[in-house]
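Here's what TrEMBL has on this protein:
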TRANSMEM  12-39  transmembrane segment
TRANSMEM  51-71  transmembrane segment
TRANSMEM  91-112  transmembrane segment
TRANSMEM  133-152  transmembrane segment
TRANSMEM  181-209  transmembrane segment
TRANSMEM  238-261  transmembrane segment
TRANSMEM  267-286  transmembrane segment
Amino acid sequence: QQSNVTSYGATTVAIITLEAFAGMWINAFILCVLCTGWVKKKSLNSNEKILLLLGCSRICFLCFTWVMNFLSRIYPNYLYVHPILQLLASFQIFFNYSNLWFSACLCVFYCIKIANFRSSFFIYLKVKIDRMVPWLLLGSVLSALAMGIVTYEFAETVQRNNISVTRLGNFWEATIRMDKYFFSSFFLTGFGYAASFMAVIIAAVFLLFSLWRHKHKMQTNSMKDLSKEAHIRAMKSILSFLVMYSINFVCLILTIIYTMINENTMTLLISIYLYAFPGVHSLILISSNPKLEKALLKILSCVKGK
């Protein structure tokens with residue numbers, strides 16, 4: 001039985017390691033392409049700024065989450081040395097929320113930049129969006145930083161309560177306190193997910209409506225065809241993120257449920273999906289971005305030629 005548990009843990013680490021490093025390589029490719037263009041042009045447009053920060057946050061998220069998972073399964077004693085657990089958990093949440101909010105900013109940017117509406121407010125946003133992007137990114141970072149600080153305090157409280165339980169033996173009181181902290185932490189986490197999720201849904205609905213209107217007004221004109229292609233590329237990115245975000249939100253609810261009943265198998269399956277999310281969505285972003293897609297095809301053709 002011990003050998004089965006060891007084999008199960010080794011398989012889990014292998015799967016998660018493969019997903020994590022694949023996601024890091026995919027996002028590193030995005031960073032390399034963007035940084036190369038940055039060096040050549042001496043500037044980045046708003047779309048590239050969001051993608052650059054999104055790639056950085058995903059690499060860091062995968063790195064910290066992999067380290068945390070590796071320690072918890074291979075060297076669990078090192079993980080619970082103060083303040084390793086607190087720092088890893090807070091950095092993981094910070095980069096996870098940065099990833100989610102940067103993705104939401106990208107969806108909103110695509111919607112405002114590509115959708116066509118005659119509303120004066122929407123036209124104002126379309127004109128000002130490039131100036132608003134740095135502030136949106138700053139707001140995303142500050143929001144993620146707040147969640148990271150809350151997570152640090154939560155992990156600190158959990159560890160302190162575990163120590164007090166060991167010393168005092170008052171399990172009933174400690175369980176009540178832990179449930180209270182768990183629910184408050186998950187409530188804040190859920191609120192952050194829901195807020196960014198709503199931004200993605202609104203962007204997707206507006207862009208779909210704009211595409212529908214454009215399709216009905218479309219004529220045999222090259223500019224119209226280009227506009228339709230831009231709509232479709234943006235919709236591919238937004239809808240893919242919307243689907244993954246929906247699954248992510250369901251995973252959050254399931255994590256709350258299975259954490260409470262200590263169901264490790266389902267928690268493992270959920271974590272495997274969460275590791276795959278940054279890499280898979282980044283691949284979709286590459287396929288919906290002409291510059292990134294061209295660079296990837298060029299690399300693949302060189303590899304195929306060799």
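All residue numbers here begin at 1 and follow the chain in the order shown.
From the backbone N, Cα and C atoms, a Cβ is placed for every residue, glycine too.
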Query - Recorded stretch, among 12-39, 91-112, 267-286, maximising Cβ pairs under 8 Å relative to the transmembrane segment (51-71) - result: 12-39
**Report entry** Surrounding residues of the transmembrane segment (267-286) on its own chain - C-beta under 8 Å, 6+ positions past either end
**Finding:** 12, 15-16, 19-20, 22-23, 26-27, 29-30, 51, 55, 58, 61-62, 65-66, 69, 99, 103, 106, 236-237, 240-241, 244, 247-248, 251, 254-255, 258-259, 292-293, 296
